[in-house]
Amino acid sequence: MSLRCHTTCEIVLLLLGLLIPLFTSVETNIFIVDQYVYYRYSVAAGLPYGQSEVPEACQNVTINRLHDTDKEKRDWVQKNTAYLTSVNNFVITITAAFSTLVMGYVSDRYGRRSVLLWIMLTEALRVSLAAFIVMFNLNQWTVLVPNIIEGVLCGGLICAISQICVCVVDLTEHGDKTKMEAKRLILLTLFDAVACFSLAAGKAIAGNTIYYHGFAISAMISLILFVPGVIAVYWLPETREYLMIWKGEYKPDELVDPEGDTMNVTNSNKNTTLSSHVCGTFRTSVKELKKLLWTGNSASLTVIAILFLFSVAAIVDIQYLFLYLMGRPFCWNSAGVGLYCSLSDAVSAIFSLLVVLLVTFLGVSLRVRQPNTEIKNTLSEDSSEEQPCIPANRFSNRQLTKHQKTLIIFLVSGMVPVMLHKITMGVASFFPTPVATQILYVALALKVTRSLNIPVMRALLASGVDSGEQGRLFSLTALAERIGILISVSALPPIYAASVASVPATVFFITAAVLALAILLIGLLPALYSK
C-alpha cells in the first residue's frame, strides 16, 4: 500500500490494529496450550481437571496435613507439565534468537511491511496448528511443533513488537530532534503498554472460555481473534517510504541502507549478505562489551548486569505461575488463573505507562535546559585528548546528575516491590486456602511496578553515554535481556518441578534472592556514576 494518503496518526492506528489482535490471539493460544498439557497429564494420572477439580480437598488440606491419596499423582502432573513447558519455551526462545536477526535483515533490505506480513502469516499457521492439536486431542508433545515453526520462521511476538517499534522509529526520524525523541519514547511506551494489555486480555479470554466452553471452542476463538490483524497489515503502508519521502530520496526501485544512503536493491544484496548481517550483529554486541570494559564504564556495565538479573527473575513467570496456582493449597481453575494473570499484566502496564511518561518528560526537560555553551565546552575538552570508541561518561556520566538520581530512585522503587511480591507469593503456600488466596492478592498489588523497571533501566543507560553510541550499547542490552529470559523460561520450571513435592514455593524464594542481588547492585550506582 502506498502511504502518500496516510498520516502519521493513521499509520500508528493501523499498527495498533495489527498489534492488539496479534498479541491477544497468540497469547490466548499459548494459554490454551499450557492448560491442554496440564489437562492431558491430569487425565493420564486419573485426576479431574477444570470445574471438576476438587477445591474442597484443598480446603481440608492444612499446613499440618500435607498428604492425601492423590498427592503423588498431583505432584507427578505438576512435575511433568513443568518439564514439558520448559522444553517448549527453550525451543522457541533458541530458534527465535536467530530468526529475529534474519527478520531484521529482511526488514532493512525489503521493508517493514513485508516482514510484518510474513510474521502474521507464520503466526496464523502457528495458531491454526495449535488449535488443530487441541481440538483433535493429540499427544501433548505435539505442541512443540507449532512453536518450532514459529521460532524458526519468524521469531514470535518478540520479533513482531521489534518490527512495530522500528516502524515507530521511521515515523519519528524527522523534525525537531528533541521533540521527536520525546514523541518516539511516548509512542514506544504506548505500544509496550498496549502489548501488555493485549497479553492480559488473551489470558483472561482463554481462561474463561476453557472453563465454561472447553478447549475446542477456545481454540476457535483464538483463530477468530486473529482476523482483524490480517486486515490491518493489508492496509499498512511501508514506513521506510515515509522516511524516504520526507528526505526527498524516494524512488520505487531503491531502498535506504542503515547509514541513510540510497542504494539499488540489487547492489545492496550483493554488498550485504544475511550471514554478514547476523555475524555483524553478534560482533557488535561483543565489541560493545569490550569497549565498556576498556573504558571503565562500570556504571553502564552494572546497569546491564541488573537488567540481566531482572530478566532472569521477573520478566516472565507464567511458565510456572499457572502450575503453582493450580496446585495446593490454591487449586484454582483455568478461569481463576487467567483472571489473576491478566489483572497482574494490566495493572502493571497502566502503572508503568504513567511513570515512564513522567520520566520521559523529566529527561527531555533536562536536555532542553542544558546550556549549549556547556555542551560546546565539553566537546572542545574531549576533542583535545585521544578518546576511546565509547567516551568514558562524556556527558552526563562526569558526575551524578539530577536526572540520573531520579532514575535510580524510580528503579529502586520499582525493584523492591517486585522482590517483596516474590517473597509474598512463596509465603502464601504455607497457609490454608482462604488465607493463601488473600495473600495472593496482596502479592498482586506489589507486582504493579514490574513493567516499570525495564524502561527506567534503558533510560539510565542512555543517560550515561553519548547519543551516538546508544545504538550499539542497546544491542548489548538486548542480548543480555534475551539470555536472561532464556535462562528464566528454561531453568525455572525444572526448579519448580524438582521442589513441587516438598516446597513448591522454592522457585519464588530463589527469584527473590536474585532480585535482592540486583537491588544491591542498584545501591552501587550513585558511586559509580560519580566517578
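Note that Cβ sites are derived from N, Cα and C of the backbone, with glycine treated the same way.
Annotated signal peptide per TrEMBL: 1-25, in sequence order.
Feature annotation from TrEMBL assigns transmembrane segment to 82-103 (among others).
Feature annotation from TrEMBL assigns transmembrane segment to 115-136 (among others).
Among the features that TrEMBL reports, transmembrane segment is placed at 148-172 (among others).
Residues or ranges marked as transmembrane segment in TrEMBL: 184-205 (among others). Residues 12, 15-16, 19-20, 22-31, 157, 161, 164-165, 168-169, 171-172, 221, 225, 318, 337-339, 341-346, 348-350, 352-353, 356-357, 360, 363, 451, 455 of the same chain lie 6 or more positions beyond the ends of the transmembrane segment (184-205) yet place their CB under 8 Å from a CB of it.
The transmembrane segment annotation in TrEMBL covers 211-236 (among others).
What TrEMBL records for 299-326 (among others) is transmembrane segment.
Annotation comment: TrEMBL describes 346-366 (among others) as transmembrane segment.
Under the heading transmembrane segment, TrEMBL lists 407-432 (among others).
TrEMBL lists 473-496 (among others) with the feature transmembrane segment. Residues 78, 82-83, 85-86, 89-90, 93-94, 97, 281, 284-285, 288-289, 292, 300, 304-305, 307-313, 315-317, 319-320, 323-324, 390, 454, 458, 461, 465, 504, 506-507, 510-511 of the same chain, all 6+ positions outside the transmembrane segment (473-496), place their C-beta atoms under 8 angstroms from a C-beta of that stretch.
Residues annotated as transmembrane segment in TrEMBL: 508-529 (among others). Non-local neighbours of the transmembrane segment (508-529) in the same chain are 298-299, 302-303, 305-306, 309-310, 312-314, 317, 324, 393, 397, 399-401, 404-405, 408, 411-412, 415-416, 418-419, 422-423, 425-426, 460, 464, 492, 495; each lies 6+ residues outside the stretch with a CB under 8 Å from one of its CB atoms.
Counting residues 6+ beyond its ends, the transmembrane segment (407-432) has Cβ neighbours under 8 Å at 59, 61-63, 306, 310, 313-314, 324, 329-330, 355, 359, 439-440, 442-444, 446-450, 452-453, 456-457, 459-460, 463, 503-506, 508-509, 511-512, 515-516, 518-519, 522, 525-526 in the same chain. In summary, the transmembrane segment (299-326) does not lie against the transmembrane segment (148-172): fewer than three C-beta pairs, each 6 or more positions apart in sequence, are under 8 Å.
For the transmembrane segment (148-172), same-chain residues at least 6 beyond its ends with a Cβ under 8 Å from one of its own Cβ atoms are 8, 11-12, 15, 18-19, 22-23, 26-27, 91-96, 99-100, 102-104, 107, 112, 115-116, 118-119, 122-123, 125-126, 129, 180-181, 183-184, 187-188, 191-192, 195, 239-240, 242-243. Through the fold, the transmembrane segment (115-136) approaches residues 18, 22, 25-26, 29, 32-33, 36, 103, 106-107, 142-143, 145-147, 149-150, 153-156, 159-160, 163-164, 167, 215-216, 218-220, 222-223, 226, 229-230, 233, 236 of its own chain, all at least 6 residues removed from its boundaries and within a Cβ separation under 8 Å.
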